[in-house]
């Protein structure tokens, strides 16, 4: 009886969820690898020209750096496509896996020390990711981009969107001029709030493109172009304020906070707009939340101990004498293309 109930509760992932999962995992693999490839390219370019940390651009002539950039772009495209197949509550938290890949490859290839607590952080991220994958809700069947637009214009999500815009305007007009250079939450708050809307727009655009490629042209609908406009507007805003945050504060501070706020708000927006938790029992929802908290714990632990050897944690923005790069570690996936999005 117990076995039968377990099978009823966990009947397996849908085909779309599996596609989204594969795309999200491949995205993490490409993006995590891209950091290492680019850093190798920067070191190689710095050996024969002015280093990037000293204001040089010799890396633009280094093929290895471009291989890293292309790898990152491929990863972001895969991340974009993943949202067209799977719910955001499944895709977004898996971004933490790119940190694990970067940390492991840096340990193997770049000989960067991975502290035992960093290994524990990686393990926590893996456990949390598996928990979310096993309990993620099924992607709802959508036949037209107009259905996505109808979901986006329902009162609950409209209210969420209005509250986000009000909060963003308050942060930009009042708090950032006064506290932007001393409180990291000002810049990160704008990035995360706008990011939650950008993911919903990306998902709408991704579904429209998926349906178009499958033979049902969605480009004739104005809603498709409206989603495209919102995607561009949100990404530009995210890039602007995330760059300000990274320029003002250390990456070791920005990245974990941005990941926590961005992922939390994205899941909230997805639950409101796409009603991801409809049809799930409380046990599944609580398990998903526990998986998310486990990932957050692993991410925090990995970042907090990334510079630890046998002494205290070192978080510095000073130049690394060996390669001329800022010793800020490897940023989270969501701080790169800034779709975190994606």
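Glycine too: its Cβ is placed from the backbone N, Cα and C atoms.
Curation plays no part in TrEMBL annotations; they are all automatic predictions.
Quick look at what TrEMBL annotates:
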TRANSMEM  20-37  transmembrane segment
TRANSMEM  58-78  transmembrane segment
TRANSMEM  84-110  transmembrane segment
TRANSMEM  117-137  transmembrane segment
TRANSMEM  157-177  transmembrane segment
TRANSMEM  184-205  transmembrane segment
TRANSMEM  225-242  transmembrane segment
TRANSMEM  249-273  transmembrane segment
TRANSMEM  285-302  transmembrane segment
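Long-range Cβ contacts of the transmembrane segment (84-110) within its own chain (Cβ-Cβ under 8 Å, at least 6 residues beyond either end) map to 16-17, 19-21, 23-25, 27-29, 31-33, 35-36, 39-40, 75, 118, 122, 125-126, 128-129, 132-133, 136-139, 199-200, 203, 206-207, 209-210, 259, 262-263, 266-267, 269-271, 274, 276, 288, 291-292, 295, 298-299, 302-303, 306, 330, 332-334, 340, 342. Here the listed stretches are 58-78, 117-137, 157-177, 225-242, 249-273, and the one with the most C-beta pairs under 8 angstroms to the transmembrane segment (285-302) is 117-137. Residues 10, 13, 17, 21, 86-87, 89-90, 93-94, 96-97, 99-100, 103-104, 276-280, 284, 287-288, 290-306, 308 of the same chain lie 6 or more positions beyond the ends of the transmembrane segment (117-137) yet place their CB under 8 Å from a CB of it.
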